[in-house]
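Worksheet: the structure to be examined is printed underneath.
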């Protein structure tokens, strides 16, 4: 399956811009690699900062970790079902900053932005301010994936939304259930 008919024109516009602004290629490649680590550090900081509060931030951290795992698992299942070819394979005339992955490394949805979206949801569970910063980082992450020639715009949008929604739903469901279970367990001891 090829996503070129959906937004291949936008993809080509962005990759042409990447070809014409090569000074930005290395910073974008570095950003796409490091931004997820920065978001993980932000999440650990948010958890550490919330340790003295009235609720249990460790429960929230566990709930968002499960949410992130479910989101990444869902991303992989969708990717295996859809089999969308990478745009660098479907549109070989496009400029790519990094080498194009092989034909069985599918494009839809983007793993990078699914993880970024999951981390945004996790950050919002701890801090609105960090969540907004994380969202800005995730949007740039998505753009960088298109800029590097690895994904169509719809791949990164779908990945971002998938990670965000699945993690938020799982965390919102698990956190109160876990708190309730811990309270009942404490009462019986």
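Every residue, even glycine, has its Cβ placed from backbone N, Cα and C.
Which of 92-111, 152-171 counts as transmembrane segment depends on TrEMBL, and there it is 152-171. Annotated by TrEMBL as transmembrane segment, the relevant range among 10-29, 30-49 is 30-49. Among the ranges 60-86, 114-140, the one that TrEMBL lists as transmembrane segment is 114-140.
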